Amino acid sequence: MAEQLTEEQIAEFKEAFALFDKDGDGTITTKELGTVMRSLGQNPTEAELQDMINEVDADGNGTIDFPEFLSLMARKMKEQDSEEELIEAFKVFDRDGNGLISAAELRHVMTNLGEKLTDDEVDEMIREADIDGDGHINYEEFVRMMVSK
């Protein structure tokens, strides 16, 4: 996954890694991670810090080296990309920009995609995604529907 990063991104992440790696030994410990987190206004417990490290500690040595850090950053960026893609997709459906997808908006987009749906089929799609029962699909409902596919 780290292969998808540009040289510029890798250089930026190397700088960030150096900020975490206080003693310059090439690894980030829970202590170093805690120091940086606290400087950013967070107050994680020792267990939370260990969990964060364990999440990316591929070789299981209890610390994060630069390749592990790059892997974490690449994963976070990929999550960010898919979030942006969902927002863009939602905007396509939400034609009037009111933050809700109505049956008419859904029907219009589906028709433009070549899907000829009956009113009942469109209503059924809305009902399936419409968790709060207001007759429209809001962004959270849209995300839940897209992610559960």
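Any Cβ shown, glycine's included, is placed from N, Cα and C.
Ca(2+) 3 binding, as stated in Swiss-Prot, involves D94, D96, N98; the candidate among E85, E105 given for that site is E105. When K31, K116 are compared with the annotations in Swiss-Prot, the one labelled N6,N6,N6-trimethyllysine turns out to be K116. In the domain 'EF-hand 4' (117-149), helix, strand and coil residues by DSSP number 20 helix, 2 strand, 11 coil. Report note: the Ca(2+) 1 site is defined by D21, D23, D25, T27, E32, and the residues of the same chain whose CB lies within 8 Å of the CB centroid of those residues, excluding them, are F20, K22, G24, G26, I28, T29, T63.
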